[in-house]
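Positions annotated as compositional bias 'Basic and acidic residues' by Swiss-Prot: 15-39. For LYS21, LYS22, the entry in Swiss-Prot reads ubiquitin cross-link. As annotated by Swiss-Prot, SUMO cross-link applies to LYS21. The (3S)-3-hydroxyasparagine feature in Swiss-Prot is assigned to ASN210, ASN244. What Swiss-Prot records for 1-39 is region 'Disordered'. The repeat 'ANK 1' annotation in Swiss-Prot covers 110-139. For 143-172, the entry in Swiss-Prot reads repeat 'ANK 2'. The repeat 'ANK 3' feature in Swiss-Prot is assigned to 182-211. Swiss-Prot lists 216-245 with the feature repeat 'ANK 4'. Sequence annotations record features per position, and here Swiss-Prot assigns motif 'Nuclear export signal' to 45-54.
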Amino acid sequence: MFQPAGHGQDWAMEGPRDGLKKERLVDDRHDSGLDSMKDEDYEQMVKELREIRLQPQEAPLAAEPWKQQLTEDGDSFLHLAIIHEEKTLTMEVIGQVKGDLAFLNFQNNLQQTPLHLAVITNQPGIAEALLKAGCDPELRDFRGNTPLHLACEQGCLASVAVLTQTCTPQHLHSVLQATNYNGHTCLHLASIHGYLGIVEHLVTLGADVNAQEPCNGRTALHLAVDLQNPDLVSLLLKCGADVNRVTYQGYSPYQLTWGRPSTRIQQQLGQLTLENLQTLPESEDEESYDTESEFTEDELPYDDCVFGGQRLTL
């Protein structure tokens, strides 16, 4: 028969011995690491721990439902507030999401960030707030344009000033050198649209006045000649544009003046351009046409053509 009393007695007899064993194990556990680390090693470890700096990371997409809601065009709540020019609401949203770079730099279906839209809608104050909150000025839209490209294309000097003065020097250098998917820098776009104030401002900030677009190798000065803009030509020359820089086909800005109405541009460039870059190169087709005065014996035209049973007279 099973006797509970007997087992209780056995447990009582073994109790003190087990308690002593447990006490020894605890003592061993506490003392096992004693003197395992020297003082100098400990001090070095403390020093290294103090020098650890956590790297800032982009905040993950927040769990708030309004942050995750998108339209069919991929616009977030912030995109829509900027599009509809709800400035008070926009500033409130920016204040709430400050530091959430994933949300601030979110791109819609046209790859436009809120900063792109602030420039497109001509809201430089909103653009400044977005930049201070952490928006990236180097992100590109579906045409490869940064927000500064758009500001130069639209001729908005206020937006250009905000974008160039609020961003960091590293961002500014990168944006000034960046080309869109047509190969145009911000300076090219400002030149194409004839915004002289923006051109001068960009060059002052360090934009390369002799940068060549990749399609034909034209500089801003070549573009100014193409557009027949004498004031832009004068400004670019004042800013140090190279009059002897040639396109990929070998044409100087002066050579592009031939056959064009502005004699003022031709006079401006003619005084500075090398002599060998002033005359147009002769076309190979024209040379071959001029030297070919008569047909050779093997190249005489046919004189026995028959069409519909009738002899043709050439």
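For all residues, glycine too, the Cβ spot is worked out from N, Cα and C.
Panel annotation: around the repeat 'ANK 3' (182-211), residues 143-144, 146, 148-149, 151-153, 155, 157, 160-161, 164, 172-173, 175-176, 219-221, 223-224, 227, 229, 231-232, 235-236, 239-242, 245 of the same chain, lying at least six beyond its termini, place a Cβ under 8 Å from a Cβ of the stretch. Cβ atoms under 8 Å from those of the repeat 'ANK 2' (143-172) belong to residues 113, 115-116, 118-120, 122, 124, 127-128, 131-132, 136-137, 178-182, 184, 186-187, 189-190, 193, 195, 197-198, 201-202, 205-206 of the same chain, restricted to positions at least 6 beyond its ends. Mapped onto three states, the DSSP output places ASN244 ((3S)-3-hydroxyasparagine) in coil. ASN244 ((3S)-3-hydroxyasparagine) has a Cβ environment of 13 other Cβ atoms inside 10 Å. The number of other Cβ atoms within 10 Å of the Cβ belonging to ASN210 ((3S)-3-hydroxyasparagine), over all protein chains shown, comes to 14.
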